[in-house]
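Participant: First, the structure itself, so that you have it in front of you.
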């Protein structure tokens, strides 16, 4: 699985993003840092053409509005048409009725390879009661592994639930990642950037579970390494991007705290 970090850098896959305008710059930069090539678009007119040549697709509802629904649906359906792996990041799905309805329609009409969110977002999608505010989760203290696994079975895709312990599962096999730092919460967009990393790895392998795990692990481990010596938040963000850029098989092998459950 760790070899995927080399494959991304070697193949430089094209990852098209239909994402939010708060974190779009960071998502583009993190895609470059890991070795892929980002394309950011809000254009209806080019969806078919762009998705057909991309290697993977990101759909992120973070700054959704009434005009975005059709764009997201168009992009998702194009990804399915051209057999491109696509990740959904349902940012703040529990925060409003409009977000919940948008996400429900996307899940009903598009076959996603990965659905990625924090624990509260994923549990909400699965029909469970959640504790959260805005786009932030308060559900991280309890072990939600079995709940997330059942949601993955229901959605018939890989599900990523980030938190104190990150959970990645397709309903059959499950990875749990114990790397990371609370300081990742102090930067807007680390979740969005994680979706970009997942898409970068999905673009170079058919093993979606491993690709999603590598995306989450790269962010969590890079955050841990970036926080050595407890730098202030601005320095931490710079360190984070540098750590992602420098991530390699050796660093993954030496520092990953990961377990696999059947």
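FYI, residue positions are counted from 1 along the chain as it appears here.
Glycine residues also receive a Cβ, built from the backbone N, Cα and C atoms like all the rest.
The model shown is predicted, which means the values in this text are computed figures rather than measured ones.
Below are the features listed in Swiss-Prot for this protein:
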BINDING   40, 189  substrate binding site
BINDING   116, 162  ATP binding site
Participant: Would you kindly give the Cα-Cα distance separating residue 116 (ATP binding site) and residue 40 (substrate binding site), rounded to the nearest Å?
Facilitator: 19
Participant: Just how many other Cβ atoms lie inside 10 Å of the Cβ on residue 40 (substrate binding site)?
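Facilitator: For residue 40 (substrate binding site), the count of other Cβ atoms within 10 Å is 16.
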Participant: Return the single residue from the binding-site residues list (116, 162, 189) that has the minimum number of other CB atoms within 10 Å.
Facilitator: 189
Participant: Compute the C-alpha separation of residue 162 (ATP binding site) from residue 189 (substrate binding site), stating it in Å without decimals.
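Facilitator: Residue 162 (ATP binding site) to residue 189 (substrate binding site), Cα-Cα distance: 13 Å.
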Participant: Expressed to the nearest Å, what is the distance separating residue 116 (ATP binding site) and residue 189 (substrate binding site) at their Cα atoms?
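Facilitator: That separation, Cα to Cα, works out to 13 Å.
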Participant: Tell me, by DSSP, whether residue 189 (substrate binding site) is helix, strand or coil?
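Facilitator: Its secondary structure by DSSP: coil.
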